[in-house]
Amino acid sequence: MRLRNKPWAKDMINDNLDLISVQPENMQGKWQDRFEKKQPLYLELGSGKGAFITELAKRNPQNNYIAMEVQEGAIALILKKQVENKLPNLQLLLANGSNLSDLFAENEIKGLYLNFSDPWPKTRHVKRRLTYKSFLEQYKYVLEDDGNIEFKTDNQGLFEYSLVSMNNFGMKFDELSLDLHNDEALNENNIQTEYEEKFSKKGFRINYLKASF
Ligand SMILES: C[S@@+](CC[C@H](N)C(=O)[O-])C[C@H]1O[C@@H](n2cnc3c(N)ncnc32)[C@H](O)[C@@H]1O
């Protein structure tokens, strides 16, 4: 994603602090207070421009959602969508997801979405993959006992790595597909992300899994 930090993004963020958290250290265990209703809380880590989480929040008013992004430019684009749609069940979070247990309390989240995470193909960067064991430890801590992770990617290498990493961590796989768009049952309610749309148009197969601890 070629978004750099931009002054307009800063202004937009500062004008909408009711919709976005930028100093979230003190929010642990209090995320429900940011929403109109207390209801199951789902997090997307690395939301990009936010097409997926915005549509998910629209379709599921019975749940609360947080779109998390580390890039200011990206979060401002999600914010634009949120300002247009005014979804009471969607909040934004500008932060790095590497230490989720500093941002969320134990069992605070019902489900986590990892969509088209950066593949970090070089071996020396393996610890940055969002399915590396230190990330899985954090997810286990913040997710409810019956919570789960949904993961989508076009990147075969990252998918295989993630299967092994999750399996080694003792996770259970509830759903698995090497070609999500051609799996009628799984694809029926699938919401495409920006990257998903781009890569599936190029003919890449989309890998999908749903796993729990
Ligand atoms: C390849 S893009 C995919 C965007 C979107 N999920 C999609 O499928 O269209 C990955 C996104 O994850 C964000 N990201 C990567 N590592 C992150 C981290 N540790 N914390 C928060 N966001 C992160 C990046 O800034 C980028 O916007």
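For all residues, glycine too, the Cβ spot is worked out from N, Cα and C.
Since this is a predicted model, take the numbers as computed values, not measurements.
Residues or ranges marked as S-adenosyl-L-methionine binding site by TrEMBL: Glu44, Glu69, Asn96, Asp118. Annotation note: Asn96 (S-adenosyl-L-methionine binding site) sits in a coil segment as assigned by DSSP.
DSSP assigns Glu194 (substrate binding site) to a helix in the three-state reduction. Packing around Glu194 (substrate binding site) is summarised by its Cβ count: 17 other Cβ atoms lie within 10 angstroms of its Cβ, all protein chains included. Here TrEMBL flags Lys122, Asp154, Thr193, Glu194, Tyr195, Glu196 as substrate binding site.
Largest Cα-Cα distance over the residues recorded as binding substrate, namely Lys122, Asp154, Thr193, Glu194, Tyr195, Glu196, equals 25 Å. A Cα-Cα distance of 21 Å separates Lys122 (substrate binding site) from Asn96 (S-adenosyl-L-methionine binding site).
Proximity to ligand 1 (Cβ under 6 Å from any of its atoms) holds for these binding-site residues out of Asp118, Lys122, Glu194, Tyr195: Asp118, Glu194, Tyr195.
Pairwise Cα distances among Glu44, Glu69, Asn96, Asp118, the recorded S-adenosyl-L-methionine-binding residues, top out at 14 Å. One residue stands out among the binding-site residues Asn96, Thr193 for having the most other Cβ atoms within 10 Å of its Cβ: Thr193. Secondary structure at Lys122 (substrate binding site), as computed by DSSP, is coil.
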